[in-house]
Amino acid sequence: MEKYLKKNFEVESKNPSEEAIRRWRSAVSVVKNPRRRFRMVADLAKRSAAEKKRHKIQEKIRIAFYVKKAAINFIDAGNRYEYKLSDETRQAGFSIDPDELASIVRGHDTNLWKQHGGVDGIARKISVSLDDGVSEKDISQRQKIYGLNRYVEKPSRGFFMFVWDALQDLTLMILIVCAAVSIGVGLATEGWPKGLYDGLGILLSIFLVVIVTAISDYKQSLQFRDLDKEKKKIMVQVTRNGYRQKLSIYDLVVGDVVHLSIGDQVPADGFFISGYSLLIDESSLSGESEPVHVDQRNPFLLSGTKVQDGSGKMLVTSVGMRTEWGRLMETLSEGGEDETPLQVKLNGVATIIGKIGLGFAVLTFLVLTVRFLVQKAVHHNFSQWSSGDALTLVNYFAISVTIIVVAVPEGLPLAVTLSLAFAMKKLMNDRALVRHLSACETMGSASCICTDKTGTLTTNHMVVDKIWISEESKGIIGSEDGNNLRSTISERVMSVFLQSIFQNTSSEVVRGKDGKHSILGSPTESALLEFGLLLGGDFDTQRRVSKIVKVEPFNSVRKKMSVLVSLSAGGYRVFCKGASEIILGICDKIVDKNGQAISLSETQIKNVTSIINGFANEALRTLCLAYKDMNETSSEESLPAEGYTLIAVVGIKDPVRPGVKEAVQTCLAAGITVRMVTGDNINTAKAIAKECGILTDDGIAIEGPDFRNKSPQEMKELLPKIQVMARSLPLDKHTLVTQLRNVFGEVVAVTGDGTNDAPALHESDIGLAMGIAGTEVAKENADVIILDDNFSTIVNVARWGRSVYINIQKFVQFQLTVNVVALMLNFLSACLSGTAPLTAVQLLWVNMIMDTLGALALATEPPNDKLMQRPPVGRGVSFITRIMWRNIIGQSIYQLVVLGVLKFDGKHLLRLSGSDADYVLNTVIFNTFVFCQVFNEINSRDMEKINVFRGMFQSWVFVGVMVATVVFQIIIVQFLGTFASTVPLNWQLWLFCVLVGFASMVVAVIVKFIPVKEGKQTFTNMHHDGYEPLPTGPELA
């Protein structure tokens, strides 16, 4: 089986090829209900059509971008006409038509833009201040005239659509026909109302199966819909009513002033107001990979594009479906999401079992029919046929079809979806948003986590803890230390230091609605600004003194930020801050105690390096601040790369998050290696890594430049020992992930927050983006978004991933046992006695127990701590393990023996007599069979441990399903005998059925003592299937 599955039902967890997708679909042959079975897999035809539509829109946009006005005139065939202002727009106080406003940006129409007076003129026409933004009281009016920032979405499916899907099951359709024939023949032979019972029983069973299935599927769809809404939530910074605030992208209106920074998604169409070095990636719209510079000469910003570099402010002019992105969004969800590896694998299992079941069903029908015909021939009645004979054959056919219903485990692939939906909902409550279904599944196999330091292992609440300035090192605890520092430093030094803080920053000090000042920006820059305010500096005053001419924003490659300002006294000054050793390397002077720039000697360089290392060894993030005076500058040239004067070294404290050390220990116990990859100084990284328990005595800490200069052979030898990589570039992270996956076969999870982390997130098995510090580009390339940026949440995702895998294994073990017993029981009974002990109605009830209810009970069990005390499941291991086969075979043999004895010697054993003895016996067999499944469901909660009750009562879904199953079984046997072909049982027989069912738990204990031969080990002390060996001694309890 495993070879067949690997050949036909193997797909990658991320970005599977279309060939692999088509291969497994062509291999699926026995499908009862394609509409339901394939509901949660990608629709390749729709996806292809959407792709063509998307390319068509992109082509039109590309022409608009590069051929501009002439091309637009050609495409629109002279549609460029004078827009007339509607009375409604004029009365609302606006003097430009919404469509005209949208066409300026969409067509990059510079002439029309100039005619309207540029961004200032358009701001006047849409009644907005570029400084204060939109007034809250105008929001509804703007939405009415210019529209909402929402896109056309596919309407969600109602409950009755799921009912309709459930009814598309071919076997159920056949059974409905059989029921109709049974009613017709029954009424003709047995009259009213007795003739109705058999057929009506089948119809009621079908109705119950359909309703329960539809409810389960509908609830799943609601969970996915809620998660889909969460995925689309994007927050943006805007100025409204004169205050800077965060808003949902959906709340934007025309006239909003939006602040953009690296990694942001442009939330609507609009015009550039101001900014520095704004570089926009328009590939999502135009398909062109070359980024575009946006400035006063090219002021057009399009919704859905990404900020690749720089920062700026924009004026929103078009929202929702008036943007090209709005039209593209219609096509993005078409085709659905790729199926997960487990879904595909279980489709393969269902196919194999389905073929076997179909063969047995045909054999059962043939055996029953042949025996019936032989009996008629023996009694010389072959030429005499009655409606009763026809009814018998119809019942034989119904039983055979129902065997197919039970034998084809349609619920296997759907159980994966149920389990993943449940896990994703729980993870959402635990601050992790799963963007792709397969990630939740793959995370359970993760053997390595490459994590960032800042904000993930640490709190990201930064404060300046130490400073080296005027050749002295000082500690900073509170405002008193700030005042002391100010009193001991010369005014000239303090002046240039505060200038370097307030001028060279991408953060802002803003006033909130309550009148209080707050700092908006990255944690590092916020810490510096807060320190500047503590020293008595004023952000607005400093900004007014000098005019910013040019900005080179910080990014993970440069590891520094520079700004050129024109001084009020004449001349220019460049401020630079960033990674300590990089800034120190471009300095040749230093500010002395009097504020004079003096030459930086070798001795001083060694002294400063020692200060930097001292700060770093105390787990402080170190930054150097420097400046350079210039007489003249050219805006075309990049800022100077050398000749700076060192002002100060700052040590910023970022404490380790509570619980991180314990979370790291949990990972190590679970066989998951944790590696820290950071851009920080190596000494800072080592100090934090040791505090977190990541860096051990035999581990290696390496710097990015050293790592990337290693030969492939050296890398291969080093990689298993590397625990910390400092001063790394995004390319180093990408190389590390690639090597771990391709050379060592590890399942790698990697965290990222920056735009440049996108390749590593995409390359990894599981990309984890930070929800707070992460950019929109990082989130878009991630599989899971960690909403609280906490490493402990990552460990929780791994725990739930393992839970999904184990839960599906439990369900498969349970369902295969039911399949084997139901098939063999009916087939052997048909062959040996000419009758099947389980009727169509009874088999439909059993199908519901093992399919929908079984999946609900076993596939939704929450994780336990024991899951993180075993190694991860490696790549390519058998899903149906030898331990599972042992349990399936053991239980199947017990159940078949017990039910076989009851079938052929039950009357004698139970001392049944009288006219209804056969009915009572068949009811006992049915009841015993159901209770065997109930107790086997409990057995399946743990495939190795003996104590299967541990944690059972914490899973209310499992307990609820068990109780509901038993209650309905009592009702069916005691009160619905007319429809279900049962008779009420006395308490002694009920006790017998329950005890026989309970005995399956004793059998399970005995079976678990049977040793299983170990397969090829991936880890030491580990079975081939990823489980720890069967415990002995006290652990058994």
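From the backbone N, Cα and C atoms, a Cβ is placed for every residue, glycine too.
TrEMBL lists 111-187 with the feature domain 'Cation-transporting P-type ATPase N-terminal'.
What TrEMBL records for 170-189 (among others) is transmembrane segment. Below 8 angstroms of C-beta separation, residues 32-33, 195-200, 202-203, 206, 209-210, 386-388, 390-391, 394-395, 397-398, 401-402, 404-405, 408, 840, 844 of the same chain, each at least six residues beyond the ends of the transmembrane segment (170-189), sit close to that stretch.
The feature transmembrane segment is assigned by TrEMBL to 195-215 (among others).
Marked as transmembrane segment by TrEMBL: 352-374 (among others).
TrEMBL lists 394-423 (among others) with the feature transmembrane segment.
Summarising the annotation, TrEMBL assigns transmembrane segment to 816-836 (among others).
If you look up TrEMBL, you'll see 919-936 (among others) marked as transmembrane segment. Tertiary neighbourhood of the transmembrane segment (919-936): same-chain residues 814, 817-818, 821-822, 825, 837-838, 842, 845-846, 849-850, 891, 895, 898-899, 902-903, 906-907, 910, 912, 962, 965-966, 969, 973, 977, 981-983, 985, 989-990, 992-994, 996-998, 1000-1001, 1004, selected by CB-CB distance under 8 Å and a gap of 6+ residues from either end.
Sequence annotations record features per position, and here TrEMBL assigns transmembrane segment to 956-977 (among others).
Taken from TrEMBL, the feature transmembrane segment covers 989-1010 (among others). Outside the transmembrane segment (989-1010), and at least 6 residues removed from its termini, the chain residues within Cβ reach (under 8 Å) are 886-887, 890-891, 894-895, 898, 910, 920, 924, 927-928, 930-936, 938-939, 944-946, 948, 1030.
The helix, strand and coil residue counts that DSSP assigns across the domain 'Cation-transporting P-type ATPase N-terminal' (111-187) are 51 helix, 3 strand, 23 coil.
Sequence-distant contacts of the transmembrane segment (195-215) (same chain, at least 6 residues past either end, Cβ-Cβ under 8 Å): 36, 159, 162-163, 165-167, 172, 175-176, 178-183, 185-189, 391, 395, 398, 840-841, 844-845, 847-848, 851-853, 976, 978-981.
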